[in-house]
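Trainee: Next up is a structure, given as structure tokens.
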Ligand code: AP5
Ligand code: ZN
């Protein structure tokens, strides 16, 4: 399956993507994670992306689209993928359509995670991520690690993302409404959008997402 996951910052895209990708046996491709990996490795791409990310703005399309395409061209993504955080504006959605068309394949579904803004703010404020692996995501209240500041999975140090400060979150939400939400209408016109509520326990949301994807295929 080829799936796009969309939803506001903090909706739980990364959390859900980890389970969905495993259930569906497809790679989880997160442009945010790819940028953060480049930043921690000190690459030129990472240096370019960091200023935009810290300001809560989108990294320019010419950087993002090339990086996403390179990742989608890896052998493990040949038969499907779960895109998280890409596309993030209509220009990126059009570029993705062009790339898929050139490969003679299509998207199967766009899964839209709906969460009220006050919940999103709470989820982001308490989020802690593992330095060793960004798919190890915790929350100081909702999914507490056994030991404060330590990853349950690998023992790595948990940290708070630089762009999770209150001001930057406000900017990211604004960017989501103005630049990313329009892709939902873009994909509605293609009949691809399935919307689910992302409220409730993580496993409940995964169940809802799996049911919705099954119904849509
Ligand atoms: P990115 O990394 O994509 O961030 P985002 O879209 O803002 O999403 P988040 O990672 O903040 O949230 P999430 O929905 O994954 O939530 P999570 O699962 O962690 O992008 C960051 C930046 O990179 C962008 O601002 C931009 O600068 C740049 N960028 C990335 N892609 C780009 C692109 N395509 N074009 C241009 N620029 C790009 O969950 C959040 C918290 O909630 C966690 O603590 C989790 O434990 C908790 N939680 C999850 N589910 C539940 C639940 N059901 N109940 C209770 N708590 C829950
Ligand atoms: Zn870890």
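Numbers here mean position along the shown chain, with the first residue as 1.
Each residue, glycine too, has its Cβ placed from N, Cα and C.
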Trainee: According to TrEMBL, 10, 11, 12, 13, 14, 15, 137, 138, 200 bind ATP; which one of 2, 127, 215 is annotated to that same site?
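Mentor: According to TrEMBL, the candidate sharing the ATP site with 10, 11, 12, 13, 14, 15, 137, 138, 200 is 127.
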Trainee: Where residue 59 (AMP binding site) and residue 12 (ATP binding site) are concerned, what is their Cα separation in Å, rounded?
Mentor: 21
Trainee: Could you check what DSSP calls residue 59 (AMP binding site) once collapsed to helix, strand or coil?
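Mentor: Assignment for residue 59 (AMP binding site) reads coil.
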Trainee: Counting other Cβ atoms within 10 Å of each residue's Cβ, which of the binding-site residues 31, 57 comes out lowest?
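Mentor: Comparing Cβ neighbour counts within 10 Å for the binding-site residues 31, 57 gives 57.
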Trainee: Relative to ligand 1, which of the binding-site residues 31, 86, 161 have a Cβ found under 6 Å from one of its atoms?
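Mentor: So the answer is 31, 86.
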Trainee: Including all protein chains shown, what's the count of other C-beta atoms within 10 A of the C-beta of residue 138 (ATP binding site)?
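Mentor: The Cβ of residue 138 (ATP binding site) has 23 Cβ neighbours within 10 Å.
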